[in-house]
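Structure record follows, encoded as structure tokens.
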Amino acid sequence: MSTEKTKILEVKNLKAQVDGTEILKGVNLTINSGEIHAIMGPNGSGKSTFSKILAGHPAYQVTGGEILFKNKNLLELEPEERARAGVFLAFQYPIEIAGVSNIDFLRLAYNNRRKEEGLTELDPLTFYSIVKEKLNVVKMDPHFLNRNVNEGFSGGEKKRNEILQMALLNPSLAILDETDSGLDIDALRIVAEGVNQLSNKENSIILITHYQRLLDYIVPDYIHVMQNGRILKTGGAELAKELEIKGYDWLNELEMVKK
């Protein structure tokens with residue numbers, strides 16, 4: 001039996017700017033199916049910019065390079081098309097949507113994905129039976145389904161709601177942008193357990209984080225350290241421990257060597 005992995009994402013010399021300021025200065029990254037990659041780096045290094053560009057945020061302009069998602073040019077797709085194709089972004093600060101119940105929002109997103117796959121839409125009752133199972137992944141009470149999207153949710157509840165969306169949509173590529181930000185240890189553990197349950201040999205996950213503590217619960221296959229819009233170093237899980245001890249200052253010397 002072949003164990004060859006499928007290439008999910010290939011980023012080649014990606015350059016990007018926002019409001020005329022260059023942020024990404026040549027990012028290269030390859031991710032295969034079944035892999036978890038963590039991107040770490042100091043504030044302002046370009047980590048969150050990279051995640052938003054993958055999702056198609058209109059404020060960021062790609063000025064060079066290419067992004068291939070399952071061998072297709074991701075940059076040619078609108079944000080909604082990327083989502084339907086299997087790219088999922090969990091925001092650092094999930095937005096609130098007044099007047100839209102969580103279950104209606106989730107069913108719309110789920111049925112849009114089904115349509116993309118040529119499947120029929122699910123009626124509310126059938127969908128409820130599916131989403132009820134997924135609630136167990138993130139230990140959420142069913143009453144959250146009837147509340148407006150993220151409205152009045154705590155920070156931990158918002159992050160768990162994002163992972164619930166991920167569980168339903170089963171994306172090929174999930175990008176978790178500082179999902180650990182603002183979480184206490186119990187909420188972090190619940191979110192991490194949910195992510196670990198959803199990780200499988202068919203999908204890929206990018207964890208973007210500033211701190212090592214998330215990686216105590218979700219062990220990545222690769223860690224990439226970003227500084228000044230470039231990936232300067234790649235290693236295994238041990239690299240996060242090195243960063244915890246050394247901090248990020250040593251990257252300045254490494255960057256000088258690579259220039």
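Each Cβ is built from the backbone N, Cα and C atoms, and glycine gets one as well.
Sequence annotations record features per position, and here Swiss-Prot assigns domain 'ABC transporter' to 9-253 based on sequence analysis. Annotated ATP binding site per Swiss-Prot: Gly41, Pro42, Asn43, Gly44, Ser45, Gly46, Lys47, Ser48, in sequence order, evidence recorded as sequence analysis.
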Sparsest-packed among the binding-site residues, when each Cβ's other Cβ atoms within 10 Å are tallied, from Gly41, Pro42, Gly44, Gly46: Gly44
Other same-chain residues whose Cβ falls within 8 Å of the Cβ centroid of Gly41, Pro42, Asn43, Gly44, Ser45, Gly46, Lys47, Ser48, the recorded ATP site, in sequence order: Thr49, His210, Met226, Gln227
For Ser45 (ATP binding site): DSSP state (helix, strand, coil): coil
Most crowded position, judged by CB atoms within 10 A, among Asn43, Ser45, Ser48 as binding-site residues: Ser45
Tertiary neighbours of Lys47 (ATP binding site) (same chain, Cβ under 8 Å, six or more apart): Ile39, Met40, Gly41, Asp177, Glu178, Ile208, His210, Met226
